[in-house]
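Asker: Dropping the structure in here first, questions after.
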Amino acid sequence: MTNSNLRTENHFDYVKITLASPDRVMEWGQRTLPNGQVVGEVTKPETINYRTLKPEMDGLFCEKIFGPSKDWECHCGKYKRVRHRGIVCERCGVEVTESRVRRHRMGFIKLAAPVSHVWYLKGIPSYVAILLDMPLRDVEQIVYFNCYVVLDPGDHKELKYKQLLTEDEWLEIEDEIYAEDSTIENEPMVGIGAEALKQLLEDLDLPDVAEQLREEISSSKGQKRAKLIKRLRVIDNFIATNARPEWMVLDAIPVIPPDLRPMVQLDGGRFATSDLNDLYRRVINRNNRLARLQEILAPEIIVRNEKRMLQEAVDALIDNGRRGRTVVGANNRPLKSLSDIIEGKQGRFRQNLLGKRVDYSGRSVIVVGPKLKMHQCGLPKEMAIELFQPFVIHRLIRQNIVNNIKAAKKLIQRADDEVMQVLQEVIEGHPILLNRAPTLHRLGIQAFEPKLVDGRAIQLHPLVCPAFNADFDGDQMAVHVPLAIESQTEARMLMLASNNILSPATGDPIITPSQDMVLGSYYLTALKPGASVPEFGDQSRTYSGLEDVIHAFEDKRILLHDWVWVRFNGEVEDEDEIEEPIKAELLSDGTRIEQWTYRRDRFDEDGALISRYILTTVGRVVMNYTIIDAVAVA
């Protein structure tokens, strides 16, 4: 789909992160302009011209590579205005287009010598070391030009493939090879630096190595077996992703778009720049110097030193401080590399992609709401009016209370009773989501029915606290409003707090009474030592139903721990040890009375129960009545 602003919409199924091949890196940065010119390679370390304040050509902010700094205007100013769209200026070579292309167009730096990628060399585990089946220390010695490695032992009897040699050892072997009496025809080959590493990785035939490892694993055990499995797993991943091991050594490095590493002018005329520009500048300077040294056929020791410095510059760009000395800028502050921008809490993923601010959300301190039902939460009116504002405006206009959105907003700002009435109608049956960070499991975000409350704190039912791992010592929670009917339905069906009683991890109840609930239940049902037990028939202590006991307690005629006789026709689980009744009496009308310690039953002539009185405390009646009432409502 394309509109007049050249915006394109690409549909894709998934995002896949794999190793990039050298060709892919070049593809990212290389473009062919409409006039057939190929651009993309950054060859100069300059950023902007200090007099004209325009980007330098072929530099880190080059307009030819990355696009124009100003919309529809080329570098030299020959073409201005949108009518020249797509034209490439003959003088400066800049394509006339929007400046926002500088946010996604990349460049590349073609390296004069291969360089190892520090993530794969110095990461934990080191994938390069695992693939080559060499100690990491040895691989580092090769990459940083401390030791030679044997790439091909030739006819030399003492040399082995992948053996390390110091400078002196290799000089001795060279003397031996080129001596007049030498019998070596097939000369051994050695290498040093990332070039040698690349050669070793290219020599790996992954399917063959995987097959050999599987055979070795079947006949080995213990630590050796674990090491072989570790290596096989890495090789299998390379095969599965169609990646080559030598891609871990870079021939070209991508240059990220200039608007992602900006340079801005401050009030005093000075410039503030992203650390990445300094790191890229070091790489380009060293790369250009190395290319020049190679051109003039400089001594090997000087070229080798420059290659090592280039390796260190690329290491600092990718992950500053991972190896060697940390590169610092002004006032001894370490420069932020690409890895520092991506990783950690303040990194691109956690801060900007996963931690985005979202619309229709808010946050506030939580306080206990003991009078709420479990599926309810108290939402401050001030917060609710802001979160549900579009719904309130829609309803105000639909009910002809106001004529337009502007009038509705003015009315909402006054927050009079009419608006509050509409807000109450809007939130009725509209669930909201409450989330407490850190969301460690799925019960860290649950749905509730909002109830409007005064104040500025969110009220939370105490029973849902264990699921959120919340307490009321200053914890904050975020509120989100599901907008679509589908998301509201999903929230109500799947995420409502009263539907999430069991822990998804263990299957045990996660909503269990605690603290004052347990204490209150204990206090209600506790028996007071030494309390007098009334005789059955005592008018002040015998009641015809549970409600009568509660009314008497509310009228303060009886206390919470007083014993009472109360008529109760339900099932009674009696823990009385006496199987026979204490007293049995046959009345003149043929009915029979049986009395136990805590129960008095009356039966008719056929043995059917006529009435039952139980001896209990007022607190236990309150507890029982409350449970029956709650179950009946549910």
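In case you wondered, yes, glycine gets a Cβ from its N, Cα and C as well.
Annotations per Swiss-Prot:
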- Cys74, Cys76, Cys89, Cys92: Zn(2+) binding site (BINDING)
- Asp471, Asp473, Asp475: Mg(2+) binding site (BINDING)
Asker: Counting other Cβ atoms within 10 Å of each residue's Cβ, which of the binding-site residues Asp471, Asp473, Asp475 comes out lowest?
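Answerer: Selected from the binding-site residues Asp471, Asp473, Asp475 on minimum Cβ neighbours within 10 Å: Asp473.
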Asker: Can you tell which of the binding-site residues Asp471, Asp473, Asp475 lies nearest to Cys89 (Zn(2+) binding site) in space, using Cα positions?
Answerer: Asp475
Asker: Would you identify the secondary structure of Asp471 (Mg(2+) binding site) according to DSSP, in three states?
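Answerer: Assignment for Asp471 (Mg(2+) binding site) reads coil.
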Asker: Roughly how many Å lie between the Cα atoms of Cys76 (Zn(2+) binding site) and Asp473 (Mg(2+) binding site), rounded to a whole value?
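Answerer: Between the Cα atoms of Cys76 (Zn(2+) binding site) and Asp473 (Mg(2+) binding site), the distance comes to 63 Å.
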Asker: Which one, from the binding-site residues Cys74, Cys76, Cys89, Cys92, has the smallest tally of other C-beta atoms lying within 10 Å of its C-beta?
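Answerer: Each of the binding-site residues Cys74, Cys76, Cys89, Cys92 was scored by Cβ atoms within 10 Å; lowest is Cys76.
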Asker: Nearest to Cys92 (Zn(2+) binding site) by Cα, among Asp471, Asp473, Asp475 (binding-site residues)?
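Answerer: Of the binding-site residues Asp471, Asp473, Asp475, Asp475 has its Cα closest to that of Cys92 (Zn(2+) binding site).
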Asker: Measure from the CA atom of Cys74 (Zn(2+) binding site) to the CA atom of Asp473 (Mg(2+) binding site) and give the result in Å, rounded to a whole number.
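Answerer: If we compare the Cα positions of Asp473 (Mg(2+) binding site) and Cys74 (Zn(2+) binding site), the gap is 60 Å.
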Asker: In whole Å, note down how far the CA of Cys74 (Zn(2+) binding site) lies from the CA of Asp475 (Mg(2+) binding site).
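Answerer: About 55 Å separates the two Cα atoms.
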